[in-house]
């Protein structure tokens with residue numbers, strides 16, 4: 001039996017952890033995840049999905065604010081694990097920890113060396129990529145630069161957003177890890193170095209990147225909206241206030257960038273630099289998200305063709 005420390009935070013990670021827990025070949029000694037955080041409009045203190053799953057299986061849980069130099073690090077190393085598996089953990093692993101185990105592998109949600117960093121799925125959708133994937137890789141000190149053990153891909157559909165792709169890639173990553181790990185540990189599967197000259201990066205998105213640029217072609221704005229849903233959510237301005245847009249559809253029509261070019265009781269069409277978008281799920285400032293029909297029957301009733309979003 002291989003003794004493991006698992007490190008991860010969101011539901012993506014919990015899906016991978018669940019797969020390991022169902023395999024008798026692996027003994028999960030402990031789980032390391034991010035601290036509980038205030039979440040949502042009510043700022044409720046919330047456990048990470050990985051912590052919830054770990055507690056359900058009565059596993060020890062460590063939640064260091066910063067792993068390096070912490071007492072938790074010493075306690076984790078004292079467990080004597082054979083290896084570490086990480087998936088969207090959200091922190092760098094200290095070299096001393098990597099050196100203390102026989103192996104350390106990561107389930108990364110991109111086709112490396114493309115999209116190293118913390119937001120690979122967001123960037124894949126925003127950039128209009130036709131496919132996304134996962135890579136099982138060895139952990140090294142440099143971010144997502146380790147040798148690749150295996151990879152798998154799937155298509156990105158127009159109906160996909162970050163949330164749906166996270167769910168799909170979590171399952172893909174779980175299955176790939178469980179398929180790959182035995183051959184890797186036996187030495188039958190040899191890792192392959194990345195071509196570092198081809199590396200691209202996907203750093204966490206800034207607040208400025210959440211704002212839509214209506215001067216871009218409609219397809220790019222459409223991709224941007226999907227690449228921000230369900231978090232951090234793309235927005236524009238409506239009467240000077242933040243107006244979040246969760247979902248939209250490509251539409252025909254033209255006009256000045258951000259201009260409302262059609263309005264009915266059920267639709268609101270906005271021009272982009274080329275083409276247009278019909279908004280379908282929105283969130284006005286201070287309100288919950290709502291279908292466009294509800295918005296147009298309420299506070300959006302006063303909008304008129306010719307009004308401009310983004311100002």
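Cβ coordinates come from backbone N, Cα and C, glycine included.
Record features, source Swiss-Prot:
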BINDING   110, 111, 112, 113  (6S)-5,6,7,8-tetrahydrofolate binding site
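Counting every protein chain shown, 19 other Cβ atoms lie within 10 Å of the Cβ of residue 111 ((6S)-5,6,7,8-tetrahydrofolate binding site). Residue 113 ((6S)-5,6,7,8-tetrahydrofolate binding site) is surrounded by 20 other CB atoms, counting those within 10 A of its CB over all protein chains shown. Long-range C-beta contacts of residue 110 ((6S)-5,6,7,8-tetrahydrofolate binding site), restricted to its own chain and to partners at least six residues apart, with a cutoff below 8 Å, comprise 116, 120, 121, 124, 132, 133, 134, 135, 202. Within 8 Å of the Cβ centroid of the (6S)-5,6,7,8-tetrahydrofolate site, not counting the listed residues 110, 111, 112, 113, the chain contributes 108, 114, 115, 116, 120, 133, 135, 144, 148, 151, 194. Of all the Cβ atoms in the protein chains shown, 25 others lie within 10 Å of the Cβ of residue 112 ((6S)-5,6,7,8-tetrahydrofolate binding site). In three-state terms derived from DSSP, residue 113 ((6S)-5,6,7,8-tetrahydrofolate binding site) belongs to neither a helical nor a strand segment and is classed as coil.
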